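**Q** Residues annotated as domain 'Myosin motor' in TrEMBL: 4-388. According to TrEMBL, the ATP binding site annotation covers G98, D99, S100, G101, S102, G103, K104, T105.
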Amino acid sequence: MHRDDHHDLADRAELSEAALVQLIESRFRRNLVYTHAGSVLLAVNPFRRIEDLYGQDMLQEYESPNAAPHIYGVAANAYRAMQLMHSSSSNQTILISGDSGSGKTECTKRMLDYFVHVGRSSDTSSERLTRHIVAANVVLEAFGNAQTLRNSNSSRFGKFIQLDFSGDSHRLFSASIQTYLLETVRIVNPAAAERNYHVFYALLSGAPSSLLATWQLVPNSCKQNLLHDDSAMFTALETAMTSLGLPATDVYRVVAVVLHLGNVSFDETNSSVSTHAMAAAAALLQVPLPDLQAALTTRTLVVANEVQVLSLSAVEAAQARDGMAKALYARLFEWLVEHINGRLNLSHPSTATSPSSWIAVLDMFGFEHFGLNSFEQLCINYTNEVLH
């Protein structure tokens with residue numbers, strides 16, 4: 001046993017910051033990225049693959065109590081606690097918290113792997129639910145994750161994933177997802193050296209030229225990034241959307257509208273100077289071009305029972321354009337979550353009426369502090385303060 005091989009920080013005789021950091025670093029250098037701190041599991045993101053850290057063998061190892069710190073261990077403790085109790089108090093919630101880039105999303109995925117593993121049954125509906133949970137994660141990552149300065153796959157929304165287990169056999173029979181605080185400002189103004197949501201790049205890099213032409217988009221018209229295989233992501237997204245029964249063509253059409261709106265600009269005479277982008281957006285929205293132009297360049301007031309149409313300045317028109325793009329994307333994201341939940345809710349009358357328990361995983365933003373902070377940072381940081 002290594003002289004610093006303590007599994008639990010709470011067991012250390014010396015609890016100074018320097019001693020604890022030294023222990024965590026020592027374990028990290030030996031590929032021991034998980035350490036207990038009492039009832040809390042501390043995870044250090046290695047930003048690389050560690051052989052045999054996850055997988056079927058490790059999942060089976062944590063089916064029985066195991067003292068070694070691991071993300072599967074946290075999931076296993078929650079599952080056993082649910083099994084031992086027979087009331088509403090058997091419901092379990094796991095909170096995953098940390099700074100951006102600390103590996104929260106990866107921890108969430110690994111926990112879901114464990115719950116799917118122990119909760120799977122041999123019937124067809126269980127296998128279908130398992131596929132849908134995996135596919136849902138692919139879709140939500142594509143539409144809700146982006147590359148930031150600190151993380152190549154940062155979740156830009158919070159999610160509460162609830163897994164429902166039958167009361168008798170403790171088998172997984174249903175699931176649901178609630179999402180919070182999607183970072184809509186990124187859609188129109190991503191920070192310097194960061195990317196927008198993955199789906200934009202995946203669509204432009206991976207979709208067939210014929211489909212892109214239908215949406216009046218140019219293939220590979222975005223900067224390539226060595227950290228992402230955008231074409232492969234599109235292929236995975238297509239497979240996931242098919243599994244979930246999502247109408248991919250309609251979904252991508254809305255994404256294309258957002259892309260075209262991003263190319264619309266205005267001059268000081270308050271007229272669009274990018275007529276092609278405006279026309280393309282109108283065509284994909286299936287609205288007359290004059291109606292879209294009016295929506296972005298004018299506002300209507302009723303004064304003394306008379307309707308007055310006022311022209312917007314170029315700055316105001318740009319704000320209206322950005323507001324429309326953010327609203328469209330946010331509504332699309334909400335619709336995707338609603339559709340996914342419909343697929344994850346596989347309860348039958350027999351299971352719906354029998355006692356059941358659930359385990360939930362809350363994956364929320366960590367505290368954020370940037371050079372330029374917006375309303376999103378206020379909401380994110382306030383949420384973290386409440387949770388802590």
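Placement of Cβ uses the backbone N, Cα and C atoms for every residue, glycine included.
Curation plays no part in TrEMBL annotations; they are all automatic predictions.
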**Q** Is it possible to get the count of other C-beta atoms within 10 angstroms of the C-beta of S100 (ATP binding site)?
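**A** A 10 Å sphere around the Cβ of S100 (ATP binding site) contains 18 other Cβ atoms.
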**Q** For K104 (ATP binding site), which residues of its chain lie six or more apart in sequence with Cβ-Cβ distance below 8 Å?
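**A** Long-range Cβ contacts: I96, S97, G98, S155, D363, M364, G366.
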**Q** Pop the mean pLDDT for the domain 'Myosin motor' (4-388) in here, whole number is fine.
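**A** A mean pLDDT of 89 is what the predicted model shows over the domain 'Myosin motor' (4-388).
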**Q** According to DSSP, does K104 (ATP binding site) sit in a helix, a strand, or coil?
**A** helix
**Q** Counting all other Cβ atoms within 10 Å across every protein chain shown, which of the binding-site residues S102, T105 scores highest?
**A** T105
**Q** Long-range neighbours only, meaning 6 or more apart in sequence with Cβ under 8 Å: which ones does G101 (ATP binding site) have?
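**A** Non-local contacts for G101 (ATP binding site): N45, T148, R150, N151, S154.
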**Q** Given the ATP site residues G98, D99, S100, G101, S102, G103, K104, T105, which other residues of that chain have a Cβ within 8 Å of the mean position of their Cβ atoms, reported in sequence order?
**A** N45, N151, S154, G366
**Q** Do any residues at least six apart in sequence from G103 (ATP binding site), in the same chain, have a Cβ closer than 8 Å to its Cβ, and if so which, in order?
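**A** Looking at Cβ-Cβ distances below 8 Å from G103 (ATP binding site), excluding near sequence neighbours, one finds A43, V44, N45.
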